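Copied over from Swiss-Prot:
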type	residues	note
ACT_SITE	SER146	active site, nucleophile
ACT_SITE	ASP319	active site
ACT_SITE	HIS352	active site
BINDING	ARG217, ASP353	substrate binding site
DOMAIN	38-359	domain 'AB hydrolase-1'
Amino acid sequence: MNVEHNTVSLGEFEFDCGETIPELEITYEAYGEFDGDNAVLVCHALTGSAHVAGRDRVDSADQARAWWDDIVGPGKAIDTTEYYVVCANVPGSCYGSTGPKSENPETGEPYGTDFPPVTVTDWTEAQRALLDELGIPHLHAVVGGSVGGMNVIEWAKRHPDHVDRIVPIAAAARLDTQCLSLDAIARRAITTDPNWKQGHYYGEDDEPPSDGLALARQLGHVMYLSKASMERRFGRRAAGRDAVRTFPTDAAGAFFPYRDVESYLDYNAEKFTERFDANSYLYLTRAMDNYDLAAGFESDADALAAFDGDALVMSFTADWHFTTQQAEALADSLRAADANVAHHVIDSDHGHDAFLVEPDNVGPPLADFLDAGVDGNAVTDSVVEDSQESNFAPVHNSLFSQ
């Protein structure tokens, strides 16, 4: 598989908020050969990188394993022998593209929280500018999951004539109030860490706000799993004898078991703090929280009115972060805009992470849609009843009552 890993300067960049920086650099990876009309843009999720494929590469974005290697590659759903696949790290992140930890050329110091606020619109416009640099005027498809799915929707809204097909997976037109609340709590875990220092913690003698970022990531992990998957994987088991608590406890607390689920959360949070920047977590979650498809329009359908391509909306039954009902509402808006749309619902108890861990269920409809649009053999169109009831949230009440 032909793989290109590069960083491109887009020069001065004006953000959605009106602020500018002298230079925006975007790191990207590209796979396959471009033939003029086979380009597929993949939009990564919140803490993802441009390293979407190539399991054996260890020099990309400090991630040993590509985040969607089961989907992108030769003979896979997004077949790099058929398509030229581009994935770009978004502005505000910390995997090569310019963000808070990058050096401000005007001061010689990292931006920190002097970096401009970032929105999903900024991600889309930076991707459009990158594709211009690469000589790609038009896309066969844009594909992405979670907030990457919001990025996909924004492409249909802002550049409807530049893309033939869109695939928002495990996404919605906006976050609901519960998820907004949880993201706010996660950010406060970071900003109340004494090492955060108003976002300026990059000095040689500074320690990053790792405890706050670890807590934020632990909350995120719970959001991405379902009640059933957590029960199946961890239950109430105590951790093994060799497990070590990451966070200190008091003498009375030591009487009680250190559970397997706590050990899992601690381990993954510690690994996350080794590779991700706390300020980037603040910036990217705010971009996700702020996203509203209808912004500037009367409705979601109005926002999508200019898009006349094909759309495959994919959702998962146990995803309480972006529910099947929210996905159906997005599909309805696309139908109202006269787009060709199918809402493909996958029965899964993996929660929000299902789009990353179920390639056998995600791959076939995605591959068929890229090839044949909504008429693809493996593509189904489900009608999801609107309901106020939910059994998706693993901690729906307790987070607010303890």
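Our numbering is plain: 1 for the first residue shown, then up by one each step along the chain.
Glycine is treated like the rest: Cβ placed from N, Cα and C.
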> In the structure shown, which of the recorded positions ASP319, ASP353 has the fewest other Cβ atoms within 10 Å?
Replying inline: ASP353
>> I'm trying to understand the geometry here, so how far is the Cα atom of ASP353 (substrate binding site) from the Cα atom of ASP319 (active site), in Å to the nearest whole number?
In response: 8
>> Using a 10 Å cut-off between Cα atoms, which of these recorded positions sit near HIS352 (active site): SER146, ARG217, ASP319?
In response: SER146, ASP319
>> For ARG217 (substrate binding site), which of the three DSSP-derived states applies: helix, strand, or coil?
In response: helix
> Under a three-state reduction of DSSP output, how is ASP353 (substrate binding site) classified: helix, strand, or coil?
Replying inline: helix
> Within 10 Å of the Cβ of SER146 (active site, nucleophile), how many other Cβ atoms can be counted across all chains shown?
Replying inline: 27
> To what whole number does the mean pLDDT across the domain 'AB hydrolase-1' (38-359) round?
Replying inline: 94
> Same-chain residues six or more away whose CB lies under 8 A from the CB of ARG217 (substrate binding site)?
Replying inline: ALA186, ASN268, ALA269, PHE272, THR273, PHE276, TYR281
>> I need the CA-to-CA distance for the residue listed as 'active site, nucleophile' versus ASP319 (active site), whole Å please.
In response: 11
